[in-house]
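Contents: one structure, followed by commentary.
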Amino acid sequence: MELSEGRTHPDQDGPSPDGGTSQCEASTPDLSSLRPPAPSLSVDLSPSPAEAPGGLLSLPWEMLTNIASHLPAQCVLDVLPKVCHALEDVGRDSTAWQLRASRLIGSRASFPVGPREDFDWPSACVEMEQLITCWTGGPNLRVKQTQEDEGEREQARPPQDGAPNPQAEGMVGNQENGGPAEIEEHLDPPPALECVPLPSGHIAQVNSVLLLGGGGGVLATGSRDWNVKLWDLKAACGVSLLHTLGGQGDFSTHRGWVWCLASRDHQLVSGGFDSTVRLWDLQAGGAKRGLIRAGAAVLCLSCQTDVLLAGTYDKRVNMYDTRAAQPLVKSIRLHGNAVMCLAADDRFIISGSKDSTAAVYDRRAGRELKRLQLSSYLQSMSFSGHEVWAGDNSGMIHCLSMQGGRLEPVSRFDVGHRGMITGVHRSAGSLYTCSSDRTVKVHIPSSPPKTLSIQHHDAGVNGLSVEAGVLAVASGDMCVEVWRPKK
């Protein structure tokens, strides 16, 4: 293993998609009567309306929380604590947040899908409300098609590119396997969003996209033209090319297809079919920081605080210390075929392979903890909290529980994809999926998932990235689209 070039030492919550405060201002009733009166020189010490007999705070607690439930979740968190301590406590009522979540997803779905211990209910409600507002054009989930309507439409649509048809194979509906939930389909950008196509920059298919910087302002794209490009999404003209990455004298970023991207802090990492992992310093304008020879095509990457992980075609998960002259720390073989997807935290590595297995590796103990045999292989993966959401080659979504090193299947959902799921992003209150069937879908991550929007494309979708309410999509061929809140 070799690390070249200099080693200069050079994540994710951003602004809410609908602007956070502006949403509260637009939809919040006048709360001035709840605020204590400003100090005056007079001796009038009459109580404020909230403190007066019969005022708002004299209501039973259940009524008070019910009133607050009609305010936007962001407002409950940001505005009410500034009024008084009693209203601040409203935002700490876990039961009220759970009731709000139940109202958002409806009675036919459960939430969350995985473990409920230590679940962040306020963040989930904020995300769900913002997702619904952005992708349906209103504060409430508007239903245009029932499950039966969607099932009839999907049955009439022939599978594309020889993709398996789950309905033809006997997969059943919504409640047990999580078939397509009630949806509202948008062919044009919803009113709260704008779709910005990137100018033509690549000359071959774009395989990977990655939003950087925490605010969705910079985008990296990796292509089969062997190049990685950086884009400024906040340029005056809309989108502009910042850099095509590469060292001095290099005619391209890699010497083969660029297949995957990952980042941590100010470091960007790219992996490709030239069997290398290349490191780039974003603080230095994308300067080349190092090169690692992986020994086989690199299919997936994960950047952690103290280690870089790479899944390769030769069935291995490699662990690297990018600061060392000999960066390889350990090479572990958990599977019998190529490693297609990776996810990790400071304790565990979760990997999916083309041999239809998923494995958990304990980094501290240095040993494999669990291996699951699946009926299909995982193509993409998202890991946050105690839940793993993954998409497979047959178009199904898998939800796995991850607690204490125990990886256990929870549910398997059919969200209507008719090709392999090439990208998954899941957070507490949102779920995005994309597929080779030429669609991108936006869901609430309930059981079963509630699909809010479907975007159709002219070619298979190779990947997606989500950050701060911005969605970037590599929509087949050489096209990249960015969906973001309107200014």
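Just so you know, glycine gets a Cβ as well, placed from its N, Cα and C.
Under the heading compositional bias 'Basic and acidic residues', TrEMBL lists 1-12.
Taken from TrEMBL, the feature domain 'F-box' covers 53-100. With helix defined as DSSP H, G or I and strand as E or B, the domain 'F-box' (53-100) counts 33 helix, 0 strand, 15 coil.
What TrEMBL lists as region 'Disordered' is 1-49 (among others).
Per TrEMBL, the feature region 'Disordered' maps to 144-189 (among others).
Per TrEMBL, the feature repeat 'WD' maps to 199-234 (among others). Per-residue confidence over the repeat 'WD' (199-234) averages 92 (mean pLDDT, predicted model).
Below 8 angstroms of C-beta separation, residues 3-8, 10-11, 207-210, 212-213, 218, 220, 222-228, 230, 242-245, 296-305, 308, 310, 312, 320, 322, 327 of the same chain, each at least six residues beyond the ends of the repeat 'WD' (251-290), sit close to that stretch. According to TrEMBL, the feature repeat 'WD' maps to 251-290 (among others).
Long-range contacts of the repeat 'WD' (199-234) within its own chain (CB-CB distance under 8 A, at least 6 residues past either end) are made by residues 11-15, 240-246, 252-263, 268, 270, 272, 274, 280, 282, 286, 462-470, 472-474, 476-480, 482, 484.
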